Structures are given as structure tokens and as C-alpha cells.
Amino acid sequence: MEADEYFKKGDHLLRTNHPKNALQYLNKAIEKDPDQPNYYHSRAICLHEMKHYEQSLVDHNKAISMDQTNPTYYYERSITYQFIGKQQLVLEDLNKAIRIDQKNANYWYYRGLFKYRTRKYLESKEDFEQAQKLKPTNYLYYYMLGMSLYQLSIFQQALPFFKKSWELNSRDPKILNQIAFCYFKLNQFREAVPLFDSLSKRKISQKKETNTNITQTEKKNENENENSNDKEKKRKKKPQYDFNSLHMKGVCLYHLKQYNECKDIFSVCIEHRRSYDDLFMFGMTLFSMKKYEIALTFFQNAQFVETQNSSNNFGNNNIKIKKNENENENENENEKTKEKENLKVNKPSNQNKLEVLFNQMGFCYFYLQLFKKAITNFQKAQKIQPKKIKYFYIIGQCYKKIGDFEKAKESFQNVLNLNPSHKNATISLFEIENLLKSKNKPQNQDSKGKLLVKITTKPTNNETTKTQSQINNNTTKNSSNQRNNNKNARKKTKGSKGGRGRGRGRGKGSNRGKGKGKGRKKGKKKKKY
């Protein structure tokens with residue numbers, strides 16, 4: 001056999017996922033004709049699939065040294081560099097491939113993927129746009145372009161690209177999921193609810209289809225083994241959902257203030273899986289329905305679940321797994337760096353969850369008027385985020401409710417140190433200062449500072465009789481004085497009416513009386529001269 005025949009057989013086996021058998025034929029082809037770069041290139045791919053990355057790099061370098069104008073060689077070598085962890089060399093090879101062939105959409109696409117994984121979303125967006133222009137029928141290019149815009153939080157522009165990819169491929173549920181999340185981020189909850197609903201029911205149809213492909217022999221064995229008790233259990237089984245999308249449906253309904261439907265959805269999720277998110281959102285629905293005592297129990301259960309998960313993750317990260325001797329030291333270093341990055345990412349997420357929990361538990365205790373317990377929970381949240389103003393303000397309000405005005409004053413002063421234009425803090429601090437002044441004043445002074453005399457001893461019988469007689473004399477004097485004052489007022493009043501009997505009244509006002517009989521008549525107005 002000639003070298004070309006060995007190469008064709010090896011290439012065929014490689015494409016049918018038989019790299020070990022393909023390697024034998026490719027070795028024979030290279031022995032007979034060692035000057036062909038294609039043979040080295042295909043053998044490098046075989047070694048890559050067998051996870052012998054250093055040997056595959058040797059063959060890639062040999063092929064490129066023979067032919068430096070073939071862009072596929074650079075592209076395939078960039079993939080091996082990516083598995084080893086040499087990211088700078090990955091970019092260099094992809095740039096060389098694009099310089100040689102700028103009309104190949106795959107090169108633009110994979111360079112965009114590399115930049116997307118390194119969180120360079122603006123640069124990845126440009127590469128995906130070039131790939132989409134060169135090949136507008138591929139749904140992945142639209143999808144990844146939308147993902148880069150989604151990561152940049154440009155949700156309005158990301159939506160049409162997700163919709164276009166869904167038109168090209170309506171079987172991939174990831175695309176529909178991203179459309180629903182875009183509506184969620186844009187606060188268009190009514191549009192997101194039916195999408196999450198369809199995603200939650202998608203797995204049911206898949207499982208039903210798989211169950212229909214059972215053979216007849218398996219059906220006979222199942223019918224023989226099934227008893228009446230088993231049938232009853234199967235009838236009682238509940239349908240299975242995609243609980244992540246079902247959870248998001250409940251969150252959308254929560255924002256739409258449809259709390260009764262939210263309770264039903266989160267209760268189904270809690271029955272099948274006991275996750276932090278489901279327990280927390282069930283507590284939030286009860287909190288918004290002003291059922292604070294029941295909400296507290298769900299928040300406490302969520303705290304317990306979160307602490308368990310964090311402890312398990314911390315333990316798993318410390319486990320050392322034994323590896324084969326053939327694996328490289330570079331892989332170990334890359335895995336260590338990935339573990340460190342995962343720890344850095346996981347720690348703040350857990351802390352943020354606990355902060356939100358302590359905040360909500362504090363408000364539950366606040367509305368239940370258990371202010372001391374509310375203070376402890378707000379202080380726990382404050383340890384996680386010590387620079388948040390709202391915790392100082394809420395703790396000050398709690399101290400004010402208890403009556404500890406000095407600590408309340410300190411907390412409100414801390415608010416004003418962080419934000420001197422905080423109106424509520426200035427008003428509450430002014431009120432507390434007035435309360436402290438009223439407390440610090442001596443008891444024998446009035447609000448104006450006048451002295452007040454208080455009787456400390458009980459009066460005797462003689463003193464009580466004296467005081468009662470003095471009070472009676474004062475009342476008689478006051479009554480006589482009032483009568484005299486009323487008489488003088490009648491004389492001095494302006495516009496008094498005419499006198500009784502014959503004669504003319506001497507009223508100086510507007511009404512001047514003319515009484516000629518025993519009755520009293522209204523006087524005429526005095527003319528002004």
C-alpha cells in the first residue's frame with residue numbers, strides 16, 4: 001500500500017471517532033512519505049483527541065514549518081494551546097489564521113468565543129458581527145452576538161439577535177431561555193411568564209418520548225412485576241418540571257403582585273428540591289402579604305440551607321484528587337487557578353445572599369415590634385456591607401423605638417457623616433436632641449426655665465381648711481369682679497340700643513334708639529355731617 005491509501009484510511013477512522021486505529025495508519029503513511037504536512041496535521045489531531053497534547057504540538061509545529069500559508073494549521077494549533085493554558089499563543093494563532101483567510105467565518109467566531117471567555121465582551125461582539133455577515137444562516141453567530149450584548153447589559157439590542165437565532169433553530173431551549181431573561185431584565189414580566197411556562201413543561205414532553213421507545217420484552221417484564229401498590233404509587237406521582245424556569249415564572253408573578261399563584265409555584269419547587277432561592281422567594285411572598293411570622297420560618301430555613309451549601313463547597317475545594325503520572329504540571333497549575341477563581345466568585349455571592357436574608361429577617365422583627373432582635377439581624381447584615389447607609393438609619397430607628405436615644409443619635413450621626421444631605425436622618429436627629437434636652441432638664445423648671453414648687457409633704461387638717469376657705473373667698477371675689485366688669489362694659493359699649501320708657505336714647509353707635517313706650521325699638525342710623 002502506498003502512503004496516500006494509509007492516509008485515507010486513517011483520515012476516515014479519525015472522522016468516525018476511532019483515533020487509536022487511525023494513528024496506526026497515519027504512522028505508516030508518514031514512514032513512507034515524511035514530506036507531506038497533511039499527514040502531520042491529521043496525526044496531531046489524533047493525538048489531541050487522545051489527550052497527548054505535547055506530542056500533538058510537535059506535529060502541529062512540523063506541519064506549519066512545512067507550510068506556513070495554511071490557516072487551518074494555525075487554527076488547530078490554537079485549540080491545543082487552549083487546552084494547555086497558553087492563552088497568548090491562542091490569540092496569536094487565531095490572528096494569523098484571520099490574516100491569511102479573512103472570509104472564513106469560523107475563524108472570526110472562535111476568536112470571538114475566546115474573547116468572550118476572557119470577558120472581553122466588546123471585542124467579542126465585533127468578531128461575532130463579522131462572522132454573522134460572512135455566514136448569516138448560522139444560528140450560533142446570532143446567539144453569541146446576543147450573549148455578548150447581554151453581558152454588557154444592553155438587553156434591548158440583544159433581543160432581536162436571540163429572536164433571529166430562534167427562527168433559525170427553534171429546538172434549542174437555551175435561546176428561548178435567553179429571550180425570557182431579556183424580557184425579565186427589561187421589566188416586561190407579562191411577556192416573560194409564558195416563555196418560562198413553556199420552558200418548564202419542555203422536559204415533560206422529552207421524558208414522555210423516551211418512555212415510548214421501550215422494547216416489548218421490557219414491557220412484559222414490567223407488567224409481570226407490577227403490583228396493585230405500585231400502580232397506586234405511579235398514579236400519585238407528580239409531573240416533573242424544569243424547576244429553574246418554573247422558579248423564574250414565580251419570580252415574574254411576584255413582580256406582577258400575583259402572590260397566590262407565586263405561593264403555589266414555590267411550594268411545588270420546595271417539595272421537589274429544597275433550594276435557597278425557592279425558600280427565600282416563598283418568604284418574600286409571605287412578607288409582601290404581611291404574614292411576617294410565617295415568613296421568618298422560611299427565611300431561617302433558607303439561611304440553614306445556604307450555610308450547609310457553603311460548608312460543602314469549602315470542603316470539596318480542599319479535596320486533592322490523584323491524577324495519572326502522564327498528565328502535565330501545566331494542567332495542575334491551571335486547575336489550581338480555576339479553583340482559586342471559583343472560590344473568589346463563590347464567597348461574595350454567599351455573603352450577598354446572607355446579607356439579604358438578615359435584612360429581611362430584621363424587617364420581619366421590626367414589623368412584629370421585636371426591636372432588639374431586629375437590631376441583631378441588621379448588625380449582622382452591616383458586618384457584610386459596613387458602608388451601607390440604610391443599616392445605620394434602620395438601627396437608629398430601632399434604638400429610638402426602644403428609648404435608647406444616645407445610641408440612636410450615634411447611628412444617625414454616622415448616616416450624616418456618610419451622606420450629609422440625608423433628610424430623614426437630619427429630622428430624626430433633631431427630634432432625638434429635643435428628647436435628650438427634655439430628659440436632662442431639672443424637674444423644678446418649666447419649659448421656659450421658670451421654677452416650679454411642688455408640695456412634698458401632706459397638708460394637715462388646719463391647712464386644708466385654710467386653703468378651702470381661701471379658695472371660696474377667691475371665687476366670691478372673682479364673681480363680684482366679673483359683675484362689675486360686665487356693668488362697665490355695657491356703659492362703654494358702642495352702638496347700644498335706646499333706653500326704656502319715655503325719652504331719647506343716647507347711643508353713640510350706628511343704632512340710635514327712640515323709646516316712647518315700654519317696649520324697645522330699633523334706632524335709626526345716625527346721619528354723618
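Glycine is no exception: its Cβ is also placed from the backbone N, Cα and C atoms.
Quantities reported herein were computed from a predicted structural model and do not represent experimental measurements.
Residues or ranges marked as compositional bias 'Basic and acidic residues' by TrEMBL: 217-232. TrEMBL lists 456-487 with the feature compositional bias 'Low complexity'. The compositional bias 'Basic residues' annotation in TrEMBL covers 488-529. Annotation comment: TrEMBL describes 207-239, 315-341, 456-529 as region 'Disordered'. What TrEMBL lists as repeat 'TPR' is 3-36, 105-138, 139-172, 355-388, 389-422.
Below 8 angstroms of C-beta separation, residues 105, 109, 112-113, 116, 119, 121-122, 124-125, 128-129, 131-132, 178-179, 181-183, 185-186 of the same chain, each at least six residues beyond the ends of the repeat 'TPR' (139-172), sit close to that stretch. Tertiary proximity for the repeat 'TPR' (105-138) is limited to same-chain residues at least six positions away from its ends with a CB under 8 Å from its CB atoms, namely 71, 75, 78, 82, 87, 90-91, 94-95, 97-98, 144-145, 147-149, 151-152, 168.
Across the repeat 'TPR' (389-422), the DSSP tally of helix, strand and coil residues reads 28 helix, 0 strand, 6 coil. Under DSSP, residues within the repeat 'TPR' (139-172) fall into helix, strand and coil as 27 helix, 0 strand, 7 coil. Helix, strand and coil content of the repeat 'TPR' (355-388), in residues and according to DSSP, is 27 helix, 0 strand, 7 coil. As a summary of secondary structure, the repeat 'TPR' (105-138) carries 27 helix, 0 strand, 7 coil according to DSSP.
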